[in-house]
Amino acid sequence: MTASTPFRFRLQDHEDQGTPPTLGKLTPTLKRDSSSSTEGLADALQLENLRHTLLGQPHKRDYEALECRGMYDHGIFTKLNRICDDCYNLYKDVEVHHYCRSDCFSTSTFRQCLQSLLLDQESDVYLELVEIIGKKRKKR
């Protein structure tokens, strides 16, 4: 997605257009929008969160997309991802969510999210979990 041609997921009422409705009266459609790329990222995040809600927890492809180099553990990844999701819900800022997950949850933004969510006492536990899934593999 480029900044000059972002696409946003929209639900439009097709009743007045004479097309058969789906999802009740709403049909999901892609529509070119001239809004900023930040809004496009927000839409992408909302769709991703909806996918997690409807389909369950994050999948291994999410882990691979973050280029984590440690051991994949679904439970650990879900806990860490939930911290970033909760932080996003607190601040409603897509960049917070992005930077929280960057470098496989090893950024200062992730640690700040732990503080913001009042998880200071458990931060050592969460940082150990980050080490498990995010540590670099040794070169052979």
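Cβ atoms here come from the backbone N, Cα and C positions, even for glycine.
For 18-29, the entry in TrEMBL reads compositional bias 'Low complexity'.
Taken from TrEMBL, the feature disulfide bond applies to CYS68-CYS104 (among others). Applying an 8 A CB threshold to same-chain residues 6+ apart, the list for CYS104 (disulfide bond) reads LEU66, GLU67, CYS68, ARG69, GLY70, VAL130, ILE133, GLY134. According to DSSP, CYS104 (disulfide bond) sits within a helical segment.
Close to CYS100 (disulfide bond) in the fold, though at least 6 residues off in sequence, lie ILE83, CYS84, CYS87, TYR88, THR107, THR109, PHE110, CYS113, each with a CB less than 8 Å from its CB. The disulfide bond annotation in TrEMBL covers CYS84-CYS100 (among others).
CYS113 (disulfide bond) carries a helical DSSP state (H, G or I). Sequence annotations record features per position, and here TrEMBL assigns disulfide bond to CYS87-CYS113 (among others).
As annotated by TrEMBL, region 'Disordered' applies to 1-39.
Ranking the disulfide-bonded residues CYS68, CYS84, CYS113 by how many other Cβ atoms lie within 10 angstroms of each Cβ puts CYS84 at the bottom. Within 10 Å of the C-beta of CYS87 (disulfide bond) we count 23 further C-beta atoms, all protein chains included.
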